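Asks: Quick paste from TrEMBL:
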TRANSMEM  28-45  transmembrane segment
DOMAIN    33-444  domain 'Cation/H+ exchanger transmembrane'
TRANSMEM  57-74  transmembrane segment
TRANSMEM  86-103  transmembrane segment
TRANSMEM  115-139  transmembrane segment
TRANSMEM  220-242  transmembrane segment
TRANSMEM  263-288  transmembrane segment
TRANSMEM  308-328  transmembrane segment
TRANSMEM  349-368  transmembrane segment
TRANSMEM  388-407  transmembrane segment
TRANSMEM  419-439  transmembrane segment
Amino acid sequence: MAFGWMAQQLVPLGKALATSDHASVVSINLFVALICGCIVIGHLLEERRWMNESITALVIGVCTGVLILLTTKGKSSHIFIFSEDLFFIYLLPPIIFNAGFQVKKKQFFRNFMTIMLFGAVGTLISFFIIFFGAIALLRNMDIGSLDIGDFLAIGAIFSATDSVCTLQVLNQDETPFLYSLVFGEGVVNDATSVVLFNAIQNFDHAHVDAIIILKIVADFGYLFLSSTLLGAFGGLLSAYIIKKLYIGRHSTNREVALMILMAYLSYMLTALLNLSGILAVFFCGIVMSHYTWHNVTECSRVTTKHAFATLSFIAETFLFLYVGMDVLDIEKWKFVSNSPGKSLSVSSILLGLVLVGRAAFVFPLSFLSNLTKNSPHERIIFKQQVTIWWAGLMRGAVSIALAYNQFTRSGHTELRGNAIMITSTITIVLFSTVVFGLVTKPLVSFLLPHSAKHLSSMSSEPSSPQSLLSSLLEHGRGSEVDGGGEILTRPSSLRMLLSKPTHTVHYYWRKLDDAFMRPVFGGRGFVPFSPGSPTEQSLQGRI
């Protein structure tokens, strides 16, 4: 009898699981088909690139949401509920890691202090402006019961820039200086915003004083240093293991797998230790590109470069599709359907605060940064400051993830004020990504036309060995190449930087790198040598 009763109970449970599994399979099939569609449409738009791939995916996601809304007769507009775990654990790591792996390290570290100034101090300035502005302008608008903790969270949510979209709208080869500043600032900014948001959740909002604020700043300093060291340690450990064991002589798959897993492990360890995974995986990517990548076989170098870029591309496309579908979340919009004007007013006020908050730190901090620059070529001119201000106005999935964390429970809410904040966040993300993203490239071409001309002249030059070597040296990839003086004709080449280095952090780091780091961990010029290895074969082929 007992077995019969259990069997009767398990039958409906099995049907429910089968229904759930079927829905998941349908969702996965739809998303994979949409990603394929985004790739095809992106290819068709390649010749006339007036809209970047992130905006294309976002628009396709919105259109798909509309079709689902019509198919379900207004019951739902998406097939996945936005999950911050999915975003932070699976989608964000490959994107940030690949950005660190591909970043031009010379440009990044040359502007490191300016990046930190914008990313940390600038985010704090933007946070306080949005926080106080939201209290002053939204508290009397009758949008629901929002307490001081909610307004603090609003400051952190809308201080987070979209570093993912920055990868799409700025070109690292066309504007390397602006790219390193805006994207580097975006990575530090996202980490700072997440740290601020988590700190807000952990202290008593009824007793906010100077000591609490100083504690938040101290916590950020600790998290930044610890996360950076953890990411660097993961990269160095992978470099040391591959250099000593030379895994590639038996299997290139193992060394590629080890690089991917070590990078992801450094990210997940931050969740275990309550640190910043964004910073850890970014600096892990930088360290791996400087050491580990040079220790693997040439076959693995090609594989890792394309594998990391492909994973990042798929994650970016999935992410913008995901956000686009979530724009028409019917559950949230029902709460604001009776007062659409009020929702639009809240969105406009918050967008205005984002504009003011960013301007309040970009221009003053650029002025302070210029005071420390001896050479006029290293200073940030006013047109570049306008571009930096504009390119950092886009808000993306980090803002949505934090908003869902603050104003929903498992993706749902029954409070009118919380629903208004969710719809306002979605509106600002959609508007800023599409409008600001579309205008950024024309704005760069208008304000800095010499950059576009430089890129076109580079692409039109014949790809001779001499021009190729000069290009590599110019972009910091050939610092160890010994050659004749005729090859390097540009006065700003890397050879001149090495012959007359300035006594900066970069200079002292190079001395430590040459004397200790590369002999121990490998890297360019210290590639492991093994008889019969691809490295040996390639060297013999060049002799």
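Every residue gets a Cβ built from N, Cα and C, even glycine.
Caution: TrEMBL annotation is automatic and unverified by curators.
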Asks: Between the transmembrane segment (308-328) and the transmembrane segment (388-407), do 3 or more CB pairs sit under 8 angstroms, pairs being 6 or more residues apart?
Replies: yes
Asks: Quick one: find which recorded stretch in 28-45, 86-103, 419-439 has the most Cβ pairs under 8 Å with the transmembrane segment (263-288).
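Replies: Out of the listed stretches, 86-103 contacts the transmembrane segment (263-288) most.
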Asks: Quick one: do the transmembrane segment (115-139) and the transmembrane segment (28-45) have at least 3 Cβ pairs under 8 Å, skipping pairs fewer than 6 apart in sequence?
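Replies: These two segments do not touch.
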Asks: For the transmembrane segment (28-45) against the transmembrane segment (308-328), do we get 3 or more Cβ-Cβ pairs below 8 Å once near-sequence pairs (under 6 apart) are dropped?
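Replies: Yes, the transmembrane segment (28-45) and the transmembrane segment (308-328) are in contact.
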Asks: How about the transmembrane segment (308-328) and the transmembrane segment (86-103): do they have 3 or more C-beta pairs under 8 A, pairs 6 or more apart in sequence?
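Replies: Per Cβ check, the transmembrane segment (308-328) touches the transmembrane segment (86-103).
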Asks: Which sequence-distant residues neighbour the transmembrane segment (57-74)? Criterion: at least 6 residues beyond either end, Cβ under 8 Å.
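Replies: Distal contacts: 30, 34, 37-38, 41, 51, 316-317, 319-328, 330, 430, 433-434.
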